[in-house]
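Single-structure report; data block below.
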């Protein structure tokens, strides 16, 4: 998906032999980073080769499926293969499992069930976890392996390849063997040199060092690259491809290591092997005990699959080529005084320092080895890496400190210390002035320390390069890390509350607890069952758009995007692109025969948004044309060759606050006037407190694992369309109007999509219309798969918001009046405005009778913002909770007390739920414990917050279902108008159908959604689709039972198949349809909830962890409790990303999105979720108004994720008190990244004391 090793969806398992040790091992790799020719000598296993319905499933697949570790399923194969590679018949611990998924992104589940499923396979898993899945063979029947004839038990060793054609080590053949399913490549037995002549390049695999230099002699000045792990492509995209690829993976000398007389590692030792060696060596040799510190730091580099193939020399080469790269390997090697041995033909070997290496011309040279010194226990070594999330991120700032010190002599520094930083500017490595000053000084002398701090602060001069963190943060952080290092040395007499600042945050193993009701008398309804598609998803058998097999004659398309944010396209010249062999066509606005719009007014939109820009540029990243070529890679390459000329270019308007301040009425409009106040607003002089403030919220990229995609296939009477859409009707209408063809010629089919969250409601129409245009003009199938970068740049995201408020209260925090202006960023069009919903949801569970809130949309020069999970409700809920927290600060009351004082009394279960949660979550005792902790710790703080919720849900729109009963065996097929995007809609529909018909769940299958059986249906979204499609299916079943009732006559308690047969023979129609709404009686209802969140913050780094979350969610009488639990967890963790780690940053000059990759856009990872994650579905609370007494769960939990902000504020309030500003209300910029938390903590060098 990302093509840079950042998401983990493409992980496969590799088995290969180490060229030096000759040991064979299995490990995970990102297939997107590994070139095919580099796989020589490898055995490769993909998810299809691990297990499937034909040969049986692997235990990892069944475990993940059974424990509900999959939702949309797009990430599931990568998760399974990563775990398979980790375990591979080894004994592993739960800690190893939890630490190994930093490179696997899951947007749906919140990770908890994935980690639980895999930790159950660990050697130290507790009995209750190991016993969670009993008799998996009953769930997933194991078959006989078709290759070996043996019972398949889920281990790769069960395959017997002894009879394969692979020759032994003495043979002369060197083949690659592929099994019959094409899912596994059998390992070659030989390491040999290879030379492959490619069309435009040469691939040369070498096994000896001298062969490298022989090649250098032959190629002269031709551009070349040494291929090791090839992971640099995940950081820097190559501007041009080399002519010579030299594969150096199998040179034994470069994979070697020795420990005497010094520790020397070959340049091609992988980072994973480096960790293993350092951990082992640190325990066996005291002079290398320090290498354990290095191992811990390397563990923070990238992720497991990257570290498995990434090499020391490769990492250093990135730093050499790109001085700004914050290389962790370079930093730690500089810190310990490592040297490099550089090999070349002219001088053979040359030992150089790390700094000298940066200035060397490395043309035709190789990093042969790295040498590390011995150290005794007089040395103190500490390294740091401060990054945006717990794993798989590059550093804001990294640092290394090495001091030879005599602690007993007031910290006497015995030799010049080493103070090294990365992330300051490209050429700053050593803090030379500080190092020189400290030599021979007493570090524990406070005056000396403060002087050193001032010197350090002066020589730290961070640069400003977007989207990197601000210079002020990086400079302050660098100083704080030096202080943290000194505290870690425990200066004598250091108070314990200060000394604790020298410790790093330590994350315990995560865990989860669930509590829900189920009624066995109604099973399979209310039964906690895995998703119907779970095993197919975990085995790679679940089909997504891009899984459809290539079609004969198929072409591939890619968008050409604008590079300016405002201006006019004066000329488009695709001639250079069209000269490239294999490039078929360039399409632009002039080629559209009908309406140049993907948001036609007919379904729901206010204005047309162009498929291709016709002249006036609305935003950077706007599609202006489409390249169609014979391959995907060729299309993406040709896009860069299209020359676009602009005129009347101006700076785009990106900042909503600036637009608001300008008062530009062409960009600002009122969307919602204030509701009439039910109570008179008192005069300001009559209220005790008048509180004014503002609240600014950023946007959010949906981060669907599957980008926007579509395949269009011309057929005899029209076109088959396979889009990754949440709205089939819009796809149909949009294509019909753009191509000027009748709607009945378009067949839309959607099996599932790899995540939606609102991104594919309207925005996929852009992709589908463009793809259909290309298919029509070329009269051949066309596949349009957006790259991650183009997807992020062209497609709209969650809107950002800005709120100004004034509130009057009494001394108890009771609101006497509230006035607010609520602005939301509409982007480049007025479509999809959500501010009316934000204003409505802002009321939540509170008495709003004296509120006046006005809603505005603001038009800016970014892609038109679109619906994103919990649109309006997320922003509105967070805003009122922010205001309640502000009130509590001013009136000096517990925020929970203020919230309870302001709650409405009508139809509101929230107050009692809050009171119950206070007890069940032990809120008061934990709050007291936190206060005590904060008194005893100066630099580590904890915080806690409770957020309530009342979420009004209304039913609207059309949703169809069709139920067919097959007479031959009584099985049932269902199709509906919703889209399966991970929320479990198919499972809930199947459970309801089985329950209504009184049959086993196994008899029900849910088929592909399509516009023939579900015409004119609305989009899947708003948390209502699962319920209303279920409702429609239930009505179908009731109609079928009514029709079949006469067939029972003469039958005595017939079994279901017998009854169906009787109905069939009486010519009863066994197919029924229903569309909601049609004389339907379900009504709108409220959803209630409450959440407690507890956090811990390191004030010296800005890092934090979420210690515990308790959520009580009102799901009514859940139709499928495990699925609803998964929705709660996934929504909440998506919200954590929104509030904590995910931010969108645009180039102020061009408007181009700068955070457009996994390299710089960071959704939460597996170690960013709550350590202790407890979910309870409200008990004994059936919904009298909803479908089958249930309630929606997809979006309300996300609204309560803002609780983490107020827990952080609680912790930061203690920091402010320590800084002498206890009563000050402060602005905390959002998202609450490590940077923003650090800056809000007031941490600075003037506060650093012993």
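Glycine is treated like the rest: Cβ placed from N, Cα and C.
Curation plays no part in TrEMBL annotations; they are all automatic predictions.
Among the features that TrEMBL reports, active site, proton acceptor is placed at 1195. Residues or ranges marked as [2Fe-2S] cluster 2 binding site in TrEMBL: 72, 75, 106, 108. According to TrEMBL, the feature FAD binding site maps to 385. Residues or ranges marked as Mo-molybdopterin binding site in TrEMBL: 726, 869, 1022. Per TrEMBL, the feature domain 'FAD-binding PCMH-type' maps to 196-377.
Other Cβ atoms within 10 Å of the Cβ of the residue listed as 'active site, proton acceptor', summed over all protein chains shown, number 26. Around the Cβ of residue 72 ([2Fe-2S] cluster 2 binding site), the same chain contributes 107, 108, 704, 705, 706, 752, 753, 754, 755, 756, 981, 982, each under 8 angstroms and 6 or more positions distant in sequence. The Cβ centroid of 72, 75, 106, 108 marks the [2Fe-2S] cluster 2 site; residues of that chain outside this set whose Cβ lies within 8 Å of it are 70, 71, 73, 74, 76, 105, 107, 109, 705, 754, 755, 982, 1130, given in sequence order. The record assigns 726, 869, 1022 to the Mo-molybdopterin binding site, and the maximum Cα to Cα distance across that set is 13 Å.
Long-range Cβ neighbours of residue 385 (FAD binding site) (same chain, at least 6 residues apart, Cβ-Cβ under 8 Å): 297, 300, 328, 395, 398. The Mo-molybdopterin site, placed at the center of the C-beta atoms of 726, 869, 1022, has further neighbours from the same chain whose C-beta lies within 8 angstroms: 756, 757, 758, 761, 867, 871, 1019, 1020, 1021, 1023, 1025, 1194, 1195.
Using Cα positions, the member of the recorded positions 75, 106, 1195 nearest to residue 869 (Mo-molybdopterin binding site) is identified as 1195. On a Cα basis, residue 726 (Mo-molybdopterin binding site) lies 16 Å away from the residue listed as 'active site, proton acceptor'. Long-range Cβ contacts of residue 726 (Mo-molybdopterin binding site) within its own chain (separation 6+, distance under 8 Å): 753, 756, 758, 760, 761, 764, 979, 981, 1019, 1020, 1021. Sequence-distant contacts (6 or more apart, same chain, Cβ under 8 Å) of residue 75 ([2Fe-2S] cluster 2 binding site) comprise 7, 8, 9, 104, 105, 106, 107, 108, 705. Sequence-distant neighbours of residue 1022 (Mo-molybdopterin binding site) (same chain, six or more apart, CB under 8 Å from its CB) are 953, 1195, listed in sequence order. On the 0 to 100 pLDDT scale, the domain 'FAD-binding PCMH-type' (196-377) averages 95 in this prediction. Note on residue 869 (Mo-molybdopterin binding site): other Cβ atoms within 10 Å of its Cβ, all shown chains, come to 25.
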